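Colleague: Here it is: the structure, laid out below.
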Amino acid sequence: MGSLSSPTDLTPYQVLSKYKKFPSPDEEFWWDHAASTLADLIKWTKATPAQEYEFLQFFYEHVIPNFSGYRPYDVPGRAWNTGITPSGLPLEYSVNWRNIDANAMVRVGVEPISQFAGTARDPYSHYKIWDTLNQLSQVKALKSFDLELWRHFSSALCTSREEEALLDQTRTLPESFSIAKMQHSMGFDFCDDEVVVKIYLIPNMKARASGTPLAELLTGSIHAIYRDTIDRETLATVINYLDSTSNFNDATWFSFDCIPRSQSRIKLYGSDFRTTWSRAEDLWTVGGRYTDAVTMKGLAYLKELWDLLPIQDFETLPEQAVQNPPMLWAYEIRPGDKIPSPRIYIPGHCLNDKKVADGLSAFFKRVGWSDLGDQYTDRLFSMFPKQDLKDSTALHTWIAFSYTEKSGVYMNCYYLASASFPFKL
């Protein structure tokens, strides 16, 4: 009789894979090709085996079912186009590092897509996210889960069926909206003690349908629920800057956490076709409105990171925009904040992954994360062993940087969920 592997030789992912039952081949495919990468990222954060089991089980139960309506771009009859990743996948992974690499955290980004998304039954793909949130509300382990903000903002910033009918009838949506009909996506932070749920909304269609400018729509909806807990002057400074510089557009996102309102931050996201240092500097300082010591120290760190990465500066987005995605930005405001926390997302998609990894390794060492810097390139290769890092250009999608007085340097690296999916790397 041949020898059997000891259970202790198996990883949590391997143990779970032995006994999982899948309701469809599609769900089994997502587990086989995306959960393994997730397991590698969870290990990277120094999670315990118990946490790895917990997070992978959550992925199986509450993330994979969100992709029943996903079809690759080359599949005939595709009814819904997702827009949350440069690759076209409705799934994205990222790892957050702050202060020291021991404080790492995995985040999973998801666009819920039902099998009816884009059809007459669910033309703007609202059904699946409601179904997922209702399911999550029954999970006892999500102790802080709260839907108050979702109920408010989904009504205030997303279209109703009547508004969608009006948009379709008046044909006010440009052809480019074949992808951007999406109005919401989700994020799951795998924290030490529980999973925290985030919501991302795209309010451009609500603004079109209602005839309300985005600046006014966002300000009114935030004041209506937060009242004075989100500092009005701080919010107004950010809103006025974005409005005056034409940064409110079809790519504007709004985000919040599904936790009690008194604890939840808000975030405004956007994209900029000018991937240049001068533009990043302007966004970081909110057009020079904030030049305090903390803001400027963070800017100095950002410049170091910028110079270490193989960034291609563009004053305008090239015609091959899918291959050269724009720079992203975000402003985070927590209850009581007098200064917004900026974040710059440097596009990594279609930059050489070896050069990106080398630049990140050098930066990690500069900020004191020596172990992470020494191991980064090898760990990246171990997650994607079939990819030659010197030739690949799709493993890093975004490199996000922020800095606060409390947390210091805060990095968030976004990755391709799996190299097994059918699109060109």
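Placed from the backbone N, Cα and C atoms, the Cβ positions cover glycine too.
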Colleague: The substrate site in Swiss-Prot includes R107, K198, Y200, R265, K267, Y269, Y410, Y414. Which of Y19, Y53, Y345 is also listed there?
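Modeller: That substrate site, as Swiss-Prot gives it, pairs R107, K198, Y200, R265, K267, Y269, Y410, Y414 with Y345.
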Colleague: Tell me the Cβ contacts of E92 (L-tryptophan binding site) under 8 Å, same chain only and six or more apart in sequence, or just say none.
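Modeller: Within the chain, E92 (L-tryptophan binding site) has Cβ neighbours under 8 Å at I84, T85, V108, G109, V110, T397, Y414, Y415, L416, A417.
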Colleague: Using a 10 Å radius around its CB, how many other CB atoms surround G83 (L-tryptophan binding site)?
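Modeller: Excluding its own Cβ, G83 (L-tryptophan binding site) sees 17 Cβ atoms within 10 Å.
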Colleague: Taking every protein chain in this structure into account, which of the binding-site residues Y200, Y345 has the most other Cβ atoms within 10 Å of its Cβ?
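Modeller: Sorting the candidates by Cβ neighbours within 10 Å, the top entry is Y345.
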Colleague: What other residues of the same chain, not counting G83, I84, E92, have a CB atom within 8 A of the CB centroid of the L-tryptophan site?
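Modeller: Same chain, not in G83, I84, E92, Cβ within 8 Å: T82, T85, L89, P90, G109, E111, S185.
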Colleague: When the Cα of G83 (L-tryptophan binding site) is compared with the Cα of each of the binding-site residues R107, Y200, K267, Y345, which one is closest?
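Modeller: Given the candidates R107, Y200, K267, Y345, the nearest one is Y200.
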Colleague: Using Cβ atoms only, which residues of the same chain lie under 8 Å from K267 (substrate binding site) while being at least 6 residues apart in sequence?
Modeller: W253, F254, S255, F256, A330, Y331, E332, I333
